[in-house]
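What Swiss-Prot records for this protein:
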COMPBIAS  180-201  compositional bias 'Polar residues'
COMPBIAS  281-290  compositional bias 'Polar residues'
COMPBIAS  311-321  compositional bias 'Basic and acidic residues'
DOMAIN    2-119  domain 'Arf-GAP'
REGION    160-201  region 'Disordered'
REGION    281-321  region 'Disordered'
ZN_FING   17-40  zinc finger
Amino acid sequence: MSYKLDQLTRLPENKKCFDCDAPNPQWASCNLGIFICLDCSGQHRGLGVEKSFVRSITMDNWSERQVKMMEVGGNSNAKTFLSTDPMFSAAGSIREKYNTDIAEDLRQKIRAEVDGVEWVKVDRPKSVSSHASVTSSSTVPTIPSVSKEANDKYFAKLGSINSQRPDDLPPSQGGRYQGFGSSNSVNPNSSARNNGGSFLDQLSSNPVSALSHGWNMFSRSVSQQIQDVNKSYIQPGITKVQDPETRKDYMNAINNFSSNVQEGAKQSFTQLKSFLDENVYSENPQNTRGTYDAEIDSPYSALAASPPPEDYSKKNFDKHD
C-alpha cells in the first residue's frame, strides 16, 4: 500500500464505509473516490467497472492514477456532491444509487480533475425511474395470434382424422379413439360417449377446451379415488392403527391405489401419443414434433414416467406403537 493511500485511510471521514458506516473499510471504488466495506464492495462489483472500479486497499496494486482518484475524491467530498440530488438520497439500494445521473456526474468530475481539465456538467434527459423500468420489463408478452391459429388447425386435423375412424373397433385395429369427457359438468357414473363424445372428437371444435377438460376429468378421477381411500380405509379404522396387521392392510391398499393411478395415466398418455404418431408425424416427417410433444407431455408424461410407488407395507412403524 502506498504512503498516500495509507494517509487517506487515516482521515476520519474515510474510517467508515461510505454506504453503510461499517468501521475500517478495506476496499475502495476508484472512479467514485469512496472507501467501502467488504459487503458493499461485492455489490459495487456487480455494477461493472464502468460504474464502480473496486480495489482492495491492502491486497491490490494501485497505480498513481488510481491513488490520485482517491485523493480528489474521498468519502467527505463524495457525500457533499451526491447529497445535492434527492434521487440519490431516496434510492434504496447500491444499484439504484450509482445508476443515477448524479453518480455519473461524480465519476466524470473525478476523471476530469485527475486529468487536470475543468469539469462541465452535462445536461441529460430525465431518466425513467427504476420502478417504471422494472414494471415494463416484467410485463408478460402476449402470445401471437398466429400461434393460436396454427394450434387450432393442428388439433382440428386430429379431430377430423379421428372422426373418420370406425367406432366399433378398438384403436389398435384402426378404430376411433375414445377417452376423456368434454364437459366440465360430466356425471362420473355415465360414459364419455353419453357426455359429448370422445376427447379427440372435441379437438376439432375447441382444441384448447378439449385438452383442458380432458385433464380436469382425469384430475377429478384421481381426486375421487383419493377420497374413496380416505373414506373406506383410513377414517373407519383410525382407532385400530396400533394393530400391526391392520397397519399392514392399510399400507397394501395405499400401494395398490398408487400403482393404479400411475398405470391409468400411462395408458391414457400412450394412447394419445400413438394416435399422433400414426396420423400426423407419419404423413409429414418434417413436422415440428418437439413443440407438440412438449405441450402434450406436460401433464400426462409426468405421471406416467414417475418412479414406482414406495412399498409402505415394508416400512417399520414400531416407533408409533
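Glycine residues also receive a Cβ, built from the backbone N, Cα and C atoms like all the rest.
Using a Cβ-Cβ cut-off under 8 Å and counting only residues 6 or more beyond its ends in the same chain, the zinc finger (17-40) has close neighbours at 8-9, 51-58, 66, 69-70, 72-75, 77-79, 94, 97-98, 103, 106-107, 110-111. As a summary of secondary structure, the domain 'Arf-GAP' (2-119) carries 59 helix, 11 strand, 48 coil according to DSSP.
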